[in-house]
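**Student:** Copied straight from Swiss-Prot:
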- CYS90: active site, nucleophile (ACT_SITE)
- HIS178: active site (ACT_SITE)
- GLU180: active site (ACT_SITE)
- SER232, GLY233, GLY234, VAL235, ASP236, SER237, SER238: ATP binding site (BINDING)
- 13-204: domain 'Glutamine amidotransferase type-1' (DOMAIN)
- 205-403: domain 'GMPS ATP-PPase' (DOMAIN)
Amino acid sequence: MSSVQSEGQRKPAIVILDFGSQYSELIARRVRETEVFSVVLGYSTSAEELRALAPRGIILSGGPSSVYADEAPLCDPAIWDLGVPVLGVCYGMQLMVQQLGGQVVAATGKAEYGKAPLKVDDPTALLTNVESGSTMWMSHGDSVEALPDGFLRLAHTANTPEAAIANHKRRLYGVQFHPEVVHSTGGMVMIRNFVYHICGCEPDWTTEAFIDEAVANVRDQVGQKRVLLALSGGVDSSTLAFLLKKAIGDQLTCMFIDQGFMRKGEPEFLMEFFDRKFNIHVEYINARERFIKKLDGITDPEEKRKIIGTEFIRVFEEESRRLGPFDYLVQGTLYPDVIESAGTNVDPKTGERVAVKIKSHHNVGGLPKDLRFKLVEPLRKLFKDEVRKVGRTLGLPEEIVSRHPFPGPGLAIRILGEVTEEKLDCLRDADLIVREEVNAAGLYHDIWQAFAVLLPVRSVGVMGDKRTYAWPIVLRCVSSEDGMTADWSRLPYDLMEVISNRIVNEVKGVNRVVMDITSKPPGTIEWE
């Protein structure tokens, strides 16, 4: 059974078959940007499964393998005879060529990585309105030596004679580059050409349409039963709260567990915003004291995470029993979690899908089985950027919708070493200054994350003609599209100066501010 058939009533217009590319999810996101619903499935998805889904088109992703290798991942050859338009990207194009009778060989001294100008030979169909000379992103070590019968060249580059190919009669197309990445200047034009003009899709994947479908699905699933949501204040759980309130009203109970590791003023803001301003009932659980006691003397970051996660589950269990009974638990599973768990993890030797546990929303995945919740996952079709759009449409304020990612364990993992109340107060004040100044400079929405880290060492300083021996604060600001990779943000010097001066002068116990200029990889965004 195809993993997408459990995704609700809507069937995908475009199916992406994943061959291990780091860009497979990005292809799906780019298709969705054209307001066409797309999903990612494993490359072993059979032609029969695809026929049952009845997509308007299929895209074969790139991948790290060589099509002529013994253990190369291959698609069902019957796919070529479905009569559905197919676009092969990089490895996907090479697979198309190889399976249809062409030849792919290792590039001898002509591998292409990075940007390359595309010379258009046939500006029709896939390449309509794509300017010759447009920059495309190349990443391949193999090349097409001979095209299958019925195929012709659409474009070339200096090192790749067959950079784009087509069999117009069978509506089969291939590109040796990656149109989905931002470096490919004409990439979105090609994707629109394929989706709209070749596949004949309609732009019906809109935020409003999703909300209507999600509301109807939730009402149908839960009926008149009670539903529980663990509210963290992040964009996912906040969007869920608004969506569920719209769908089932007072059947929803939100539980906010304040573990004492949130940023300054956040617990008060959340209660004021949800419970009083928007009349969404929130049960506030003050568990600060029990969490900080559990971390007494703990310095190892993984142990801190484990303790916080375990304690969260215990508190959640206790309070859900007290407030319940509840029939349903809302989880913030997003589409990347669905892809990871069932869609694309395939053993190349057997072709079998390998299940990976879906990430749990806000640490509720380890709840005791005797609580017997049924899961409600209204956002499981969406990528993160789509969740933000839904939140805006539902009326969430920008300060929540555009909130920078914040780890579940909160400030506890931005304090290196042991967590104490004194350090938490110090870090809260420093972190608030960072966010205030980045926002005042108009850079908040241009930066993926901007925050402060407290180090477990002290440094010598001079303040008011007196020697000080206090903590240093690390300023961590990164730019990213999805958090998988990130570059350190080049903040203006005058902004860094303002942040540093304010922290040193206003935050008790700090006498030095340093800047983390490490990208991911090799570093991670968070320090713990």
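Yeah, the Cβs are placed from backbone N, Cα and C, and that goes for glycine too.
The structure displayed is predicted, hence computed values, not measured ones.
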**Student:** When you tally the Cβ atoms that lie within 10 Å of each candidate's Cβ, which of the binding-site residues (SER232, SER237, SER238) has the highest tally?
**Tutor:** SER238
**Student:** Under 8 Å Cβ to Cβ from GLY234 (ATP binding site), same chain, six or more residues apart: give me those in sequence order, or none if nothing qualifies.
**Tutor:** ARG403, PRO405, PHE406
**Student:** If you skip the near sequence neighbours and keep only those at least six away, which residues in the chain come within under 8 angstroms of GLU180 (active site), Cβ to Cβ?
**Tutor:** TYR23, LEU26, ILE27, ARG30, VAL89, GLY187, ILE191
**Student:** Express the distance between the Cα positions of HIS178 (active site) and CYS90 (active site, nucleophile) as a whole number of Å.
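**Tutor:** Between the alpha carbons of HIS178 (active site) and CYS90 (active site, nucleophile) there are 7 Å.
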**Student:** I want the residues beyond SER232, GLY233, GLY234, VAL235, ASP236, SER237, SER238 whose C-beta is within 8 angstroms of the mean position of the ATP site's C-beta atoms, in chain order.
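**Tutor:** Checked against the 8 Å cutoff, the neighbours are LEU231, THR239, LEU240, GLY332, ILE400, ARG403.
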**Student:** Specify the count of other C-beta atoms within 10 Å of the C-beta of HIS178 (active site).
**Tutor:** 24
**Student:** Can you grab the distance from ASP236 (ATP binding site) over to CYS90 (active site, nucleophile)? Cα atoms, rounded to a whole Å.
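**Tutor:** About 34 Å separate the Cα atoms of these two residues.
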**Student:** Calculate the distance in Å between the alpha carbons (Cα) of VAL235 (ATP binding site) and CYS90 (active site, nucleophile), and round it to a whole number.
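**Tutor:** A Cα-Cα distance of 35 Å.
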**Student:** Would you mind listing, in sequence order, the residues at least six apart from GLY233 (ATP binding site) in the same chain with a Cβ closer than 8 Å to its Cβ?
**Tutor:** PHE256, MET262, GLU266, PHE269, LEU270, ILE400, ARG403
**Student:** About how far apart, in whole Å, are the alpha carbons (Cα) of CYS90 (active site, nucleophile) and SER237 (ATP binding site)?
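**Tutor:** Their Cα atoms are separated by 37 Å.
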**Student:** What's the number of neighbouring CB atoms sitting within 10 A of the CB on ASP236 (ATP binding site)?
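**Tutor:** For ASP236 (ATP binding site), the 10 Å Cβ neighbour count is 20.
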